[in-house]
Amino acid sequence: MGRSRHHNKLKEGIFEAEITALSHDGRGIAKVDGKTTFIPFTLPGEVVKFEYTFTKAKFDEAKVVEYVKKSSNRVNPPCDHFQICRGCSLQHMSTDAQIEHKQQTLINQLKYIGNGVEPENILPPLRTSNTEGYRNKARLGVRYVSKKGKILVGFRERNGRFLADIDKCIVLNPLVGDKITEISSFIETLSIYQHIAQLEIAIDDTRPAMIVRHLEPFTNEDLEKLRSFAQENNYWIYLQSKGPDTIFRLYPQGDVEPKKLSYQPAAGIDIGFEPNDFTQVNNDINKKMIKRAIELLDISENDSIIDLFCGLGNFTLPISQHAKTVIGVEGEPTMVKRAKETADNNNITNVNFYAANLFESFEDKEWFNNFEYNKMLLDPPRAGAQEVCNNIEKFNVKRIVYVSCDTAALARDAGILVNTKGYKLISAGVMDMFPHTMHVESIAVFEKI
């Protein structure tokens with residue numbers, strides 16, 4: 001005999017609650033009869049009237065009917081698409097309040113995930129003067145929607161199922177963000193407009209590059225249209241038919257100068273990169289972040305420093321201007337190759353780069369056994385640097401500067417360093433790499449006791 005399924009019935013009517021916190025994706029959280037209710041576009045301290053839109057055993061979802069009490073931190077969102085587009089989550093919150101919330105998130109996670117870790121000092125937040133047009137990297141979805149009779153280009157809707165119908169994006173660099181409609185209209189002129197899946201955007205100090213991910217071959221006429229569009233808009237256009245190894249530059253063709261996109265992380269250093277390489281999203285904050293990391297490392301001319309998860313040498317190369325020697329280690333061999341090329345091109349001779357998986361044992365590696373370091377910079381991906389922290393005593397470094405794109409991973413690793421490895425957390429703070437979003441970029445300094 002089949003088992004009947006139990007369906008939770010949606011409560012009907014208008015209800016009232018106070019918002020007490022924000023979720024990881026920026027929705028307001030209210031407790032109603034002890035049950036968590038997520039209510040979008042609300043802020044802590046606000047009282048709202050709402051109606052339920054979805055219910056499950058452990059939580060409910062709802063939408064605002066009326067704001068009974070508004071937060072003093074509430075502002076009018078600067079983007080017309082904020083209600084539908086998932087690209088931003090905090091445009092209704094003042095930038096000061098966004099920073100304060102991110103700083104508190106960092107402190108809370110250090111304490112609870114890090115098992116009681118607290119920084120001796122809170123660093124002043126690194127802020128950008130421009131909270132719009134800051135984003136130089138993005139992946140934009142492309143979809144032909146027959147009901148609308150047009151191509152959509154942009155981020156997903158808040159429900160995550162479809163692309164948001166937008167005509168511009170205020171957080172993207174305006175060289176692309178102001179041209180969403182123009183790009184959409186151009187794609188409609190291509191013969192395979194229904195088979196273009198994604199545009200990967202990367203913008204250097206002077207020009208945008210765009211990788212067009214296509215599922216069917218372009219015709220010769222399409223290719224000519226793409227070249228013309230690139231020339232008219234000063235874009236570099238790349239095509240990608242399958243995996244990353246199929247990416248090639250369509251325009252400009254031939255042996256042109258410069259051969260790659262490039263940016264300056266610090267005065268006197270140019271880093272070349274391909275549009276699918278990892279680079280920081282926000283150039284302004286990146287430069288400030290590098291400057292702060294160098295200050296926090298407290299570098300002397302006799303220091304030997306190891307930079308783990310070094311990427312293209314974003315920190316390694318600027319650090320080399322102040323230290324005796326610097327070793328950069330990165331898991332992706334192509335990034336290591338480019339970092340070496342950059343060092344050569346910039347006539348930097350006191351650095352070396354190695355490829356190694358830093359999520360597994362590294363005790364047999366040349367860079368681990370043949371060099372001695374007294375300071376370390378960590379800039380891991382979201383997964384953090386657990387393997388490194390578990391073996392930190394083998395490096396014998398006195399000071400660690402940890403740059404994090406995930407506060408939970410930082411808190412976990414801080415717990416290892418402070419509670420089991422004899423380090424103290426000198427200072428920590430946030431960097432507003434992604435204004436108007438819940439993403440928290442942070443930096444912390446550990447010192448051997």
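Note: Cβ is positioned from N, Cα and C throughout, glycine not excepted.
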Can you match one of ASP255, ASP298, ASP344, ASP379 to the S-adenosyl-L-methionine site that Swiss-Prot gives for GLN280, PHE309, ASN314, GLU330, ASN357?
ASP379
Under the DSSP assignment, what numbers of helix, strand and coil residues are found in the domain 'TRAM' (1-66)?
0 helix, 33 strand, 33 coil
Taking only the Cα atoms, work out how far CYS169 ([4Fe-4S] cluster binding site) lies from GLN280 (S-adenosyl-L-methionine binding site), in Å, as a whole number.
19
Relative to the Cα of CYS405 (active site, nucleophile), which of the binding-site residues CYS79, CYS88, GLN280, ASN357 has the closest Cα?
GLN280
Identify which of the binding-site residues GLU330, ASP379 has its Cβ surrounded by the largest number of other Cβ atoms within 10 Å, counting every protein chain shown.
GLU330
Need one number: mean pLDDT over the domain 'TRAM' (1-66).
90
Among the S-adenosyl-L-methionine-binding set GLN280, PHE309, ASN314, GLU330, ASN357, ASP379, as the record gives it, the longest Cα-Cα distance in Å:
21
To the nearest Å, how far is the Cα of GLN280 (S-adenosyl-L-methionine binding site) from the Cα of CYS79 ([4Fe-4S] cluster binding site)?
23
